[in-house]
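Q: Annotated domain 'Histone deacetylase' per TrEMBL: 36-324, in sequence order. The substrate binding site annotation in TrEMBL covers 107, 157, 311. Taken from TrEMBL, the feature active site, proton acceptor applies to 149. The annotation divalent metal cation binding site is assigned in TrEMBL to 184, 186, 272.
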């Protein structure tokens, strides 16, 4: 089986990429509830598209090994993980105090199989990090991951376990510096908070800011102590389009790569920043969103691609399918092939989401000011930090499936 990727269509980037793709067929069965916007079924829809576009045959397809309790406790508090393991819809009435303490109940409901769901999506992200660490692939993909709001001791914003933090901790065993980039419409608060005082992880989040969940991510929040200037926040307003978004993304990420020189990159590809999202308010096309993946891929640094938000599920599946193609260097056709979810893509049956005519509230002056301020912050970083040599922690054991 050919598990390499083709070159990018541009011809400027001709190195083949080996891609590992993590997917558990059970992940689409988990159910947050009828009225809840988070639908794990979107991962099954994405996988069906990948299968029918013929992309699976170009990747090393792996079923993630479930993250164990001790893996989750590398970041999360023991009592919180123990609570997630025990809580069920049948016993939640006897645990009201703990539900409140751990912020579980409304946005983050208790549902059947909750702990298994957490183990599955976290296992894919940790497994991807292990594969990258050992050079088994150039790009690892886990669309079930990217749940960036979860905190050390509490659930938040539909997220229970922060698989991103766990994956970054794994990458730090091999790499002095790891870069985290977040293109979800919501601020990547859980990841920023976890690494706010270290210079070994730089976090860069592009998000809607101002009277919007989670309320954090001000441009003035830059990190603290050793981590000062290693957190970058790019606050955006409603209706931002492809051109405006890339006018910030490319110059900022080019400078970040130049001054930080990461050994690995984690890119959270939340699809709620797409035009027409049920909860979002941006106006970005699938190609505009995927341009971020294409750009980060071009640096030839080990890359972990994760999912995240995304609540208009046909658009989410389209986006992550197209971005898997970008990872491989394969341009997929706009016409959606006939498959079990084809009715979701009517009446046009096209992969690409057309932007709307909504107003772009991000003026050129505002974008120029944000870009100049963040590039100035980055210019204050004289050189990439190094770490003192010490014994490396053992790898997380992820048996091959």
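Cβ coordinates come from backbone N, Cα and C, glycine included.
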Q: Rounded to the nearest angstrom, how far is the Cα of residue 186 (divalent metal cation binding site) from the Cα of residue 157 (substrate binding site)?
A: 9
Q: Measuring Cα to Cα, how many Å separate residue 107 (substrate binding site) from residue 184 (divalent metal cation binding site)?
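A: About 17 Å separate the Cα atoms of these two residues.
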Q: Average the per-residue pLDDT over the domain 'Histone deacetylase' (36-324) and send me the rounded value.
A: 98
Q: Please identify which of 107, 184, 272 has the densest Cβ environment, defined as other Cβ atoms within 10 Å, among these binding-site residues.
A: 184
Q: Given the recorded positions 149, 184, 186, tell me which ones have a C-alpha lying within 10 Å of the C-alpha of residue 311 (substrate binding site).
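A: Correct set: empty; none qualify.
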Q: For the substrate site made of 107, 157, 311, how many Å separate the two farthest Cα atoms?
A: 14
Q: In the structure shown, with every protein chain counted, which of the recorded positions 149, 157, 311 has the densest set of Cβ atoms within 10 angstroms of its Cβ?
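A: Result for the most crowded candidate: 149.
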Q: Between C-alpha atoms, which of these binding-site residues comes nearest to the residue listed as 'active site, proton acceptor': 184, 186, 272?
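A: Looking at Cα distances from the residue listed as 'active site, proton acceptor', the smallest one goes to 186.
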Q: Counting every protein chain present, what is the number of Cβ atoms, excluding its own, within 10 Å of the Cβ of residue 186 (divalent metal cation binding site)?
A: 27
Q: Other than 184, 186, 272, which residues of the same chain sit close to divalent metal cation? List them in sequence order, counting a residue when its Cβ is within 8 Å of the Cβ centroid of the site.
A: 185, 207, 270, 273, 279, 280, 308, 309, 310
